[in-house]
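S.K.: To start, I am sharing the structure in question, which I have written as structure tokens.
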Amino acid sequence: MGCAEGKAVAAAAPTELQTKGKNGDGRRRSAKDHHPGKTLPENPAGFTSTATADSRALLQAYIDGHSVVIFSRSTCTRCTEVKKLFKSLCVPYFVLELDQTEDGRALEGTLSELAAETDLPVVFVKQRKIGGHGPTLKAYQEGRLQKLLKMNGPEDLPKSYDYDLIIIGGGSGGLAAAKEAAQYGKKVMVLDFVTPTPLGTRWGLGGTCVNVGCIPKKLMHQAALLGQALQDSRNYGWKVEETVKHDWDRMIEAVQNHIGSLNWGYRVALREKKVVYENAYGQFIGPHRIKATNNKGKEKIYSAERFLIATGERPRYLGIPGDKEYCISSDDLFSLPYCPGKTLVVGASYVALECAGFLAGIGLDVTVMVRSILLRGFDQDMANKIGEHMEEHGIKFIRQFVPIKVEQIEAGTPGRLRVVAQSTNSEEIIEGEYNTVMLAIGRDACTRKIGLETVGVKINEKTGKIPVTDEEQTNVPYIYAIGDILEDKVELTPVAIQAGRLLAQRLYAGSTVKCDYENVPTTVFTPLEYGACGLSEEKAVEKFGEENIEVYHSYFWPLEWTIPSRDNNKCYAKIICNTKDNERVVGFHVLGPNAGEVTQGFAAALKCGLTKKQLDSTIGIHPVCAEVFTTLSVTKRSGASILQAGCUG
């Protein structure tokens, strides 16, 4: 389904003038010549177009003579967006480009008085003023515009679409939006298709988080923590055999069984909500139309009033000899049918450090090759402490090197690989042999092969990310986007879920609540877990100035770790306060066990405007790690010692 470009109004000429201000004989067009859709009534007063009274009458004639009138300026971006909106709805409209009209300046002044609008565009629908760019888009998003257009039903409005909403991507955000929209009685379809990795790995419904991200990562992190707990248990009186071994195959089987149950649960939930699910690859082929191709190559065409892009990201490859042939990514690791053995992890992202951490935690020989800094975008003080802790626990780091070639020495499960790497600041070349090489150098948005250029959706050409409004709307009014593919937004599963639900509520339930992307809590599940909310120290200095922030910090020693006497003065707490705003806490950071559990509650406090004084007045729970935040007294600026002798300070 779709609509022909330039539909006629009342069987007349195309609805949008493309005359560039001239008529057939080359004369500059007068406002009186602009009537392509319907024949305008004769000038009721017989005035010349230069008179204010006549201008008002002429403008009123346009408004009365057409179902949809857009007073526009040809060079105005907002005007173009409004015209695209009506085109996308297949609704005929009349446009008067005032900058291409002989008496346009006078008409614009009169229009300002008549419509009480100070800028263009100005839109009228069925003789009712909708307003400018913002009010028009808002009326569309709330459904008021569509209802008004269908009053007395013009014959040339499009037929109903196949669906109210088609969602491309069956990850956490897309599924949340689908179920929420269906709850309001909307007809919803989800298209989800997993392109296999270079090694052929595929998975089921649920997206990255469920299949190859948060869920298996946390479970394997738990496997590593249990190994540490077994060691600690001897100090608590448990008689554990000295030769405790980890069974990779059993762990993978358990993890994949759990993921399989989640995949099935999602399909059941969609069915119960009456959401149509197709395991097919979605590509836009025209306005409001999409092609769905299944794994057998069978194609179907669907139409929808609105679309939501929730395609997520996939791991990036190095583009060097041997990377796709011999290396794995996180997309492969969590279902790897054999123990990876001696492993090189390439990258310094949270994915790289988390995977390196749990692989080392189950007893493997792990090396991390780092191009520059650890955990780019995170607080670097915390990132460096994580790196130090990992090194102290046997994980090796090769810093300021990048692989330039990966070769297979011996095939097998695992086999043997040779990695050739070059220094980032010299000509030095090094080589190393590993059983497995895992790439975790970043992720790319899945936006370049879904036909966005066909419907005019803008993306950042460098990153593939999609810029959106604060309501997750792309530059094409009927297409929205959420999740990791958004430009300059937090890439976290709960954020995508929240954005998806709120979007559906705005579109179909009359809500005006938008997703708040500020002060989003997160946790990095490295061996020493890192929880954070708000600004990093670097960002706080950049935003408020070093002289206007105060950093309170302290090491702490979890009581549970005192009996095995390990990792004293490794756990660390830090808050960053804005001294110009009553020492409001603008950054919260913690390294230690259960960091995510600790951070979650404090995130709510930060959203409520938590101050240092309020923290100080809070009585802590003893003995727990989180109580350290109620007793922070040493500032970084002071340089005083923050070492702890025991769990009670």
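Note: Cβ is positioned from N, Cα and C throughout, glycine not excepted.
Sharing the record's features from Swiss-Prot:
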- 22-36: compositional bias 'Basic and acidic residues' (COMPBIAS)
- 56-156: domain 'Glutaredoxin' (DOMAIN)
- 145-149: region 'Required for interaction with ESR1 and ESR2' (REGION)
- 172-173, 192-193, 208-209, 213-217, 281-282, THR311, TYR350, ASP484, 491-493, HIS622: FAD binding site (BINDING)
- CYS209-CYS214: disulfide bond (DISULFID)
- LYS218: N6-succinyllysine (MOD_RES)
- ARG316, 348-354, 371-372, 376-378, 442-443, LYS465, GLU491: NADP(+) binding site (BINDING)
- HIS622: active site, proton acceptor (ACT_SITE)
S.K.: Can you tell me how far the Cα of PHE378 (NADP(+) binding site) sits from the Cα of PHE193 (FAD binding site), in Å?
M.R.: 32
S.K.: For LYS465 (NADP(+) binding site) and ASP484 (FAD binding site), what Cα-Cα distance in Å is obtained after rounding to a whole number?
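M.R.: One finds 8 Å between the Cα atoms of these residues.
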S.K.: May I ask which of the recorded positions CYS214, LYS218, TYR350, LEU353, SER372 is closest to SER172 (FAD binding site) if we compare their C-alpha atoms?
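M.R.: Of the recorded positions CYS214, LYS218, TYR350, LEU353, SER372, CYS214 has its Cα closest to that of SER172 (FAD binding site).
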S.K.: Could you give the number of helix, strand and coil residues in the region 'Required for interaction with ESR1 and ESR2' (145-149) as assigned by DSSP?
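M.R.: The breakdown for the region 'Required for interaction with ESR1 and ESR2' (145-149) reads 5 helix, 0 strand, 0 coil.
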S.K.: Please report the Cα separation of CYS214 (disulfide bond) and THR493 (FAD binding site) in Å, rounded to an integer.
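M.R.: CYS214 (disulfide bond) and THR493 (FAD binding site) have their Cα atoms 8 Å apart.
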S.K.: In the domain 'Glutaredoxin' (56-156), how many residues does DSSP assign to helix, to strand and to coil?
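M.R.: When I sort the residues of the domain 'Glutaredoxin' (56-156) into the three classes, I find 52 helix, 17 strand, 32 coil.
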S.K.: Is it possible to get the count of other C-beta atoms within 10 angstroms of the C-beta of PHE193 (FAD binding site)?
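M.R.: PHE193 (FAD binding site): 18 neighbouring Cβ atoms within 10 Å.
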S.K.: If you measure from the Cα of LEU353 (NADP(+) binding site), which of the recorded positions PHE193, CYS209, PRO216, ASP484, HIS622 is the nearest?
M.R.: PRO216
S.K.: Quick one: of GLY213, PRO216, GLY282, which of the binding-site residues has the smallest count of other CB atoms within 10 A?
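M.R.: Comparing Cβ neighbours within 10 Å for the binding-site residues GLY213, PRO216, GLY282, GLY213 has the fewest.
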